[in-house]
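The next block holds one structure in the form of structure tokens; read it before the comments.
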Amino acid sequence: MATRFRSTLLVITLFVLIDWVTKLVVLLQYKDLQILTHPTLYTHSWGRFSFSIAPVFNEGAAFGLFSNYKYFLFLLRIFVILGLLAYLFFKKKSIQSTTQTALVLLCAGAIGNVGDIIFYGHIVDFISFNYKQWAFPTFNVADVLISLGTLLLVYKFYFPTKQTEKKR
């Protein structure tokens, strides 16, 4: 196995572990508060803006969408992970660093959420932001990784480097 791919797997593993550890810490804290209907583990407010940590169990995709298709979503996530890993392995020499970083973030986030489904039967979300009456959907570290990876790919598409333009 090539050194570059091995280091890529190491970075993916590190991100997945960070995601899983944060979820485990929240779930262990939540376990003590299960007598409450919807316990909030931590809340902090700055004027009209607030941040809270409270576990929410999500059986769908982003923001709980398509929760009726959880088995299809699970298989789709597995195929996406396998596709990303295959691309990272077979294109390891020609892939640009920005693209590689984006794919690593996407892969780590997907693995983190698939791990939740395997171990808990649902995705564990716990980070929540609110502004006045507006509440952003609850998310987790894996979702942040997926969002950052997606933003990097969009950035790369709209602002290609000279190397990318030559390949087109």
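Backbone N, Cα and C atoms are what each Cβ position is placed from, and that goes for glycine too.
The transmembrane segment feature in Swiss-Prot is assigned to 8-28, 70-90, 104-124, 134-154. Under the heading active site, Swiss-Prot lists Asp125, Asp143, citing sequence analysis as support.
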Chain residues in Cβ proximity to the transmembrane segment (70-90) (below 8 Å; excluding those fewer than six residues from its ends, i.e. six or more beyond): 5, 8, 59-61, 100, 103-104, 106-107, 110-111, 113-114, 117
For Asp125 (active site): intrachain residues, at least 6 apart, with Cβ closer than 8 Å: Pro55, Val56, Phe57, Asn58, Pro137, Thr138, Phe139, Asn140, Asp143
Count of other CB atoms lying within 10 Å of the CB belonging to Asp143 (active site): 21
